[in-house]
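Reading through the structure tokens given below for one structure.
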Amino acid sequence: MDHTYQYSWIIPFIPLPVPILLGVGLLLFPTATKNLRRMWTFLSIFLLSIVMIFSLYLSIQQIFLSCIHQNVWSWTINNEFSFEFGYFIDPLTSIMSILITTVGILVLIYSDNYMSHDQGYLRFFAYMGFFNTSMLGLVTSSNLIQVYFFWELVGMCSYLLIGFWFTRPIAANACQKAFVTNRLGDFGLLLGILGLYWITGSFEFQDLFEIFNNFILNNRVNLLFLTLCAFLLFVGPIAKSAQFPLHVWLPDAMEGPTPISALIHAATMVAAGIFLVARLLPLFIVIPSIMYIISLIGIITVLLGATLALAQKDIKRGLAYSTMSQLGYMMLALGMGSYRSALFHLITHAYSKALLFLGSGSIIHSMEAIVGYSPDKSQNMILMGGLTKHVPITKTAFLVGTLSLCGIPPLACFWSKDEILNDSLLFSPIFAIIACSTAGLTAFYMFRIYFLTFEGHLNTYFINYSGKKSSSLYSLSLWGKEEEKKLNRNFGLVPLLTMNNTKRASFFCNKTYKISNNVRNQIFITIENFGLNKKTFYYPHESDNTILFPMLVLLLFTLFIGAIGIPFNQEGIDFDILSKLFTPSINLLHKNSQNFVDWYEFLRNATFSVSIAVFGIFIAYCLYKPFYSSLLNLTLLNSFQKWNSKRIRWEKLINFVYKWSYNRGYVDAFFKTSLIESIRRLAKQTNFFDKRIIDGITNGVGITSFFVGEVTKYIGGSRISSYLFLYLSYVLIFLMILFFFYFEKF
């Protein structure tokens, strides 16, 4: 065991050789490096697998021995200051390491196929390897300075990966937005770290917690200043985990490749904020006001993310807002002091959401064969539908992930989300109502995504896709961006769908066309010819095995990973793995952890939460499932016509929800108006002051001197005697003025 912990410092550096060798190889031997690109993929997977085995071994030891190991090296700069760096291994570290490596390995396997056509294939794997190193370094850090160092590296990797297709203006803007937003959080985190060091004189976690708690108990420091430092520490996780109000970067981050969304924006990077709050929870927990702020930010994010996901057309943006909402659940649990349930949901959500993102990537990959390589088309759920018979394996995996996220037993997220909902009932009735209501909204928008994507018929061929929208048909695009025309409810839906559309287009002719190699200079990768004069329709196809295999593995995780947190610790049974791993753990709501679970209460609460989820699924079914199948006679719409006043109120509500969701809750607009425009006005005023006032004074002195010289030259007539006469005259006048003022004092 000692040898295992002794060499744990190497964990973050095991994946590092790949990005280093790729960088050197592309610089010195570009042709050979590119020809061996599959070898780099295998090496990345192999090295990350070593870290995974190492992390599993550490976790098994901690389950049975409940030990924490820390090793620190000191670098003494002078007698008063020394920098300490090392590694810290505890259950939280081992859990995060397993999460990073398992999802990372599967994403690397997936990316080998998904990115195979891309000219930046090797650059992608170099970024991925560097990101894995940064994330592993973050979770094994023993002090706040190391955390901040790797925190910044993670942010840099996120910037590079979001802007991977940097020739597309949208992707370039998205990575800049993510970078700037996270810099705001990082600045707050840095101020908090410096403030804590000024108070305690230490960066080490263990020393920091002990000194901080002593200060609080003995009232030896200003509580307001301590609270301010703790809040500044929390600002970093607010930005990194996309919590309100610094969540605005996450949906735009979907402009990166889909495997990045699965790894960084579902399982690891956005979980870094949750990790840091969990790591610093012994510090936050002694300040009740900070704990309440954490829970408040969490519950606001839970509701906001769910409402913003209600009317998204882009499948990845819908999943991004779902991620934001689920991260809010974790932050809520940490704010309530429910350490175990927060980390449990972190684990279950990571695998479920990674499955959903990889499933969406498989769908996008299939749709690109029909609509081209434009994300506006291939990711648009309005153009999908009826994919069940075309991509059955992807559909099954996506359905399991959707059911898990909705909280349907016995899938993974049911167990963790149910714990958070139960704890919210003990913490605050208002928070419990919001959390439970959002569980219903989660089921609604997730099955909205599922129905729009997989049920009905392929909508691509029901829409005039020649660049203009068919007004009558486009009104069927539920909550589309420009849905101006109301649906005429005086005729049935079947004639509307089967009407003759003379401009119906096919998107591939019988010939095969190559993709242009000059990809880097194009905004989108486009197919050279769509054969618009043909009437042959092509349909999506199932993805290759290297795309399906990671999805099936994640499906197994989604089915069974919840078992590690099921409370089996009844009389004669002791099988609660997660509780063993987090012993001793922090829980303000269940202080007596030895009590057995009341299964009657558990079943009652579970029935309530599942009923809410089922109700959300039913509403989604009523609104989205019938349009091509079960409600062909427009029964639902006809029922609304019978109660005209209710129908008007219903339409107003739907329009309000759509506008709220489409405009992102007006948070981006608020930031643009109040912050960005204000900064631009200030920059213009500063530019004016600098050029007109500061430069004006300098230039004015120079111009004045120039004109005085010219006047003097003109008066002197270019003769030395005239210059001497003027010089002596000026000196005489100056002496007379000085003499006059000198004698005036007397």
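Glycine residues also receive a Cβ, built from the backbone N, Cα and C atoms like all the rest.
Copied over from Swiss-Prot, here are the features:
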- 9-29: transmembrane segment (TRANSMEM)
- 40-60: transmembrane segment (TRANSMEM)
- 89-109: transmembrane segment (TRANSMEM)
- 125-145: transmembrane segment (TRANSMEM)
- 147-167: transmembrane segment (TRANSMEM)
- 185-205: transmembrane segment (TRANSMEM)
- 221-241: transmembrane segment (TRANSMEM)
- 258-278: transmembrane segment (TRANSMEM)
- 327-347: transmembrane segment (TRANSMEM)
- 425-445: transmembrane segment (TRANSMEM)
- 608-628: transmembrane segment (TRANSMEM)
- 723-743: transmembrane segment (TRANSMEM)
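Outside the transmembrane segment (608-628), and at least 6 residues removed from its termini, the chain residues within Cβ reach (under 8 Å) are 385-386, 406-409, 414, 417-418, 421, 436-437, 439-448, 450-452, 455-457, 476, 478, 493, 497, 635-636. Stretch with the largest number of CB pairs closer than 8 A to the transmembrane segment (147-167), among 40-60, 258-278, 327-347, 425-445: 258-278. At the 8 Å Cβ threshold, with sequence separation of at least 6, the transmembrane segment (327-347) lacks contact with the transmembrane segment (723-743), having fewer than 3 such pairs.
Of the two recorded stretches, the transmembrane segment (185-205) lies close to the transmembrane segment (125-145), with three or more CB pairs under 8 Å once pairs fewer than 6 apart in sequence are set aside. Remote same-chain residues near the transmembrane segment (258-278) are listed as 92, 96, 99-100, 103-104, 107, 110-111, 114-115, 128, 131, 135, 138-139, 147, 151, 154, 157-158, 161-162, 164, 233-234, 236-243, 250, 284, 294, 316, 319-320, 323, 327, 330-331, 334, 339, 342-343, 346, 349-351, 353-354, 356-358, 360-361, 364 (criterion: CB distance under 8 Å, separation of at least six residues from the stretch ends). Listed by sequence, the residues of this chain that lie at least six past the ends of the transmembrane segment (125-145) yet keep a Cβ under 8 A from its Cβ atoms are 8-9, 11-13, 15-16, 18-19, 22-23, 40-41, 44, 48, 51, 70-72, 83-89, 92-93, 96-97, 100-101, 104, 107-108, 111, 151, 153-154, 156-158, 160-161, 164, 193, 196-197, 203-205, 208, 263-264, 268-269, 272, 275.
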